[in-house]
Amino acid sequence: MAFIRKRRQERELYSKERFSLLLLNLEEYYFEQHRANHIINKGCRDERKIRGSLKVCSKSIIFEPDESLQPIIKIPLRDCVSIKAPEDNEANNPFLRLLLFQVFLIKERNVIAPYKTIRGKTEHLFQLDVAGKLGDVVQTLHQLYRASCLDKMGDQAAMITAILQSRLARTSFDKNRFQSISETLRMECKAEMVTPLVTNPGHVCVTDANLYFQPLNGYPKPVVQITLQNVRRIYKRRHGLMPLGLEVFCTENDICSDIYLKFYNCQDRDELYYLIAAYIENHITEHTAESYMLQWQRGHISNYQYLLHLNNLADRSCNDLSQYPVFPWIIADYSSTELDLTKPETFRDLSKPIGALNKERLERLLTRYEEMPEPKFMYGSHYSSPGYVLFYLVRVAPEYMLCLQNGKFDHADRMFNSVAETWKNCLDGATDFKELIPEFYENDSSFLVNSLKLDLGKRQGGKAVEDVELPPWASGPDDFLRKSQEALESQYVSEHLHEWIDLVFGCKQKGSKAVTACNVFHPLTYEGGVDLNSIMDPNEKVALLTQILEFGQTPKQLFTTPHPQRIMPKSSSRTSSHSVSITESPVSPNEESFEDLTEESITLAWNNISKLRQDEQYKIHKEAITGIAVTCNGSSVFTTSQDSTLKMFSKESKTLQRSVSFSNMALSSCIILPGDTTVVSSSWDNNIYFYSVAFGRRQDILMGHDDAVSKICWRDGCLYSASWDSTVKVWKCVPGETLSNKRNCFELLAELEHDVSVNTIDLTASNSILASGTKEGTISVWDVTTATVLHQLPCHSGTVFDAAFSPDGRHLLSAGEDCCFKVIDVQTGMLISSVTAGEPQRCFRWDGNTVLSGSQSGELLTWDLLSGKVTERIKGHAGAVTSMWMNEQCNSVITGGEDRQIIFWKLQY
C-alpha cells in the first residue's frame, strides 16, 4: 500500500519520539529545538518540572515531554499575549515566560485523539538548559509573533518566508557529512523535502557519488543520503501548481519514492535533474506513457501496474495528497452474496465519470452548467483530494487527518463507514464524485480495520465507528481486497479500462471532448489553469493556492488521442509473453489442432531467436540484394538485386540455376505467387514483371506507375504496388487461360495517393488495412476497402526503410533512416513507442514483442521492444542488411546485403 508503506518508512526515520511535523499547521516550518523544563506552579509547594524539548516553529511553540504519558503542548503564537525573557535583575532566573489565551494538548496518555483545547488566560514557563540561548530564542519568537499577527495570509507567508530564507542563507551543507573524502561536489542549493502534508527546508548537495539533503532543523535525521548508483528513476514534478518538484526512486515499480524535493526556483530543479539524469542514463531506460501502454496492451503488465505507471507519469505521488494516485471504482454490486465477474452489470460503466453514472443527477448538473457564467464547470468537487484520500485511510493515518482538519476527526456519519454506503453516495450525492485510491487493489487491508482502537466518534443511533462494513460477498478485509483485485484484472475491465483512462489521463480530460463526455471540473484544477507567477497580490496568491490544494488537482494529461483497447488473448493463441495459453480449449488433448502446434513452434522460435546462427552464405549478385522469395518447399530461393537481375538459387544443390534480366534498371523487390509457378519483380524502370518458373521466361509486364516501383505485395488475387510516383495501387489480377500463352488482365481497383515517394508497404492478415512509409518519414494507415486514409503520422526524419504489422494486426512497427523504431496503435493511430538504435535498421521481422532486424553495419540484432534494448548482436554481412525472409515457423531466415551475398540462418536450440 503506497500511503502506508510511506508512513512506515517515515516511522523508521522519526525514531521513537512522539513529535512529528504533522503537529504543525499546513505550510508551517519547524526551525529549531532546545532541551528545557516546563515549570508548573512556579514558587508553590507543588511546583513541578517536566523534562522535554521545546520546538520553535514558524506559527507555534511545541513542547514535547520526555514522559510519554504527558501531553504534547502546542501554543499558537497568534494566541500569545506576551512573550518575555527575564529582566536584567532576573538574569540568574532564565525563564521563558508565555502569557496566552489558548493552548492545545496532544497525545495525552500517548493516545492519538482529537486535540484538547484549553481556553482562558494562562501562563507557561520554560527553563532552557542553555541559558545563553534564551535571548536569541525570544528574539526569534518576537519576529514570528509579529508575522502571525498580520491580518492577511499573504503578508504572513511573505514575512515567514523572509525569516526562513535568512536562516538558510546563514547556513550551508556540512561537507563533513560526505560518505567519502574523495567525493567531488557538483552542486549545492536550498530546497525542501516533501512528505504528505509537510515540507521541511534544508540544503541539497549532489556529488559524483551521492545525493544529500540536510534539513535545517536536523529532523528527522541530520542527513538523508541516496547513492546515485541505486537511482532507477527520476521525475520532474509539479508542486503547488509550480514546476519546482523532483522525485527520485531507487526502485523500478514502487510508487513510493526515496525522496521528493521542492526547490525555490526551477533553474535549481532542472540543474539537479540533469546532473542525476546524466549519471544514470547509461544504465537506466526512461519509460514513457506510450512504452507502458505497449507493455499493457501486450499483457506484460497488469491493469494495476499500468494504472500505477500512468499515475506516476501524470505527477501523482504518495508524497503529495493533493495529487495522490487515483484509481477507478470498478465494482457496482455491493449487495449480492456472491460476486459474479462474468456479468457486465457487476461492473461500473468505465466510459463515464462518477458524476455521470446517475442520469437524474447528471441532468440537474447539466442544467446548472448551461446557466452558469464562464468559467463553467459541471462538478463542484473533484474526484481526488487530500480530504478524500484521508477519508479512506483515517484508520491507519489518523495523525494526517488531524493535521488536515486542525486537530479534529470528521463527523462520525461522514466517515468511511461502509463500502456500499460510500458507493451509493458517489452515485446519488449532490457533491460527491470521488474515485478510489490504489490501496483498494493492493494486499494490505489494515486501512479497513480500526486496529489502533481509535475513538472516531459515534454515528446517529449511538453506534461507534469501528471497522469498515464490507459487502456480503466479502468474507473479510483480505477477501474484499482479493476480489477487488480479481475484478480489476477481469476480462470486462481489461476490455473497458481504456475508456476510463481517456477520462482521467487522456483525450476526454479537457476540451470539447470533456464537455461531450460530461467530464468538466473547475478550471483551477487543471494543469495551466492558473499562472501563479502572474498574480502579484501575495494574499490573492496564497488564498488561491490554498483553495486549489484543498480542492484537488486533475492529473497531467498524458494522451491526446483515444487510448487503444487492451489486446485480449485467445484461448488457442500464444500470449504476449511468449508462453502458450493454458486456458480451456474445445479441442481435447488428444485432438490438438495443427494450428495449435504451429503456434507452439512459432512461440518456441521467437523465444530462442537470439540463438540464430549462420548456416551457409553465397555471393550470387553483382550489386546489393533487394528482395528474397522462397518456394513453399524451401528448395528454391529467388532474389532480386540492384544489378537488374532476378536469380534462382537451388538450396539443395547449392548452385545458381537461373539468372534473368528484364531491363538495365535495378529490381527493387520480389514475391512468389501461390503455387510457386510465378515470380513477380518490381523495377526502378516503373514496371512490374511476371516470370514463369515453369517456362523460364517473362510471362507478363504491368506498366502501372510513372516512377520506380519500390515494393510489391500479393494477397488473395490482388497485387499491391508502391512507387516513387507517390502512389500505392491495388490491382486485381485476372489470369489467362494458361500461363504459357495468355497474358494476365490487370484491373486497377484503388489508387492511394501520397504527397511524396512511397518506399515500403505492408498489409494486415485480413488484407483490409495497408500501411505505407514514405521517403520523408511519414507513415500512413489506409482502409483498403474504401481507399481512405485512417491515420497519417510524421514518424521518422528521413526515409522509412521497412514497416510491418504485428501478427494480430493491432500494432505497426516501422524502421527509418533516423535510426528509430516506431510503434503505432492501428486502431487509434497513436504513436505508442519509440526506440532509438545506434544505426539505421534497414529491414526486420517481428512477432509483436521481439524484433529481428538487419542493421546498416551488417549485423543481425534481436530487440526486446518493450524494454527498448538489444538482447543479441549477431555478425552477418560485410555491409548493410538490405533484405530479409523468414519462414512461417520462424525458425529459418535468409538475409541479403550490400555485400551481394545471401546468408542462410538457422536456430540452434
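If you go along the chain as it appears here, the first residue is 1 and each next one adds 1.
Positions of Cβ are set from backbone N, Cα and C atoms, glycine also.
Any TrEMBL annotation is an automated prediction that lacks curation.
Annotated features in TrEMBL:
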- 180-277: domain 'BEACH-type PH' (DOMAIN)
- 281-566: domain 'BEACH' (DOMAIN)
- 559-593: region 'Disordered' (REGION)
- 571-588: compositional bias 'Low complexity' (COMPBIAS)
- 702-741: repeat 'WD' (REPEAT)
- 751-792: repeat 'WD' (REPEAT)
- 793-834: repeat 'WD' (REPEAT)
- 874-909: repeat 'WD' (REPEAT)
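Broken down by DSSP into helix, strand and coil, the repeat 'WD' (751-792) contains 0 helix, 26 strand, 16 coil.
The helix, strand and coil residue counts that DSSP assigns across the repeat 'WD' (874-909) are 0 helix, 20 strand, 16 coil.
Nonlocal intrachain contacts for the repeat 'WD' (793-834), taken as residues 6+ away from its ends with a CB within less than 8 angstroms of a stretch CB, comprise 288, 290-291, 293-294, 297, 559, 561-565, 567, 759-766, 769, 771-781, 840-848, 851, 853, 863, 865, 868. As a summary of secondary structure, the repeat 'WD' (793-834) carries 0 helix, 24 strand, 18 coil according to DSSP. Within the model, the domain 'BEACH-type PH' (180-277) shows a mean pLDDT value of 93, rounded to a whole number. Across the repeat 'WD' (702-741), DSSP classifies residues as 0 helix, 23 strand, 17 coil.
With DSSP classes pooled into helix, strand and coil, the tally for the domain 'BEACH-type PH' (180-277) is 15 helix, 51 strand, 32 coil.
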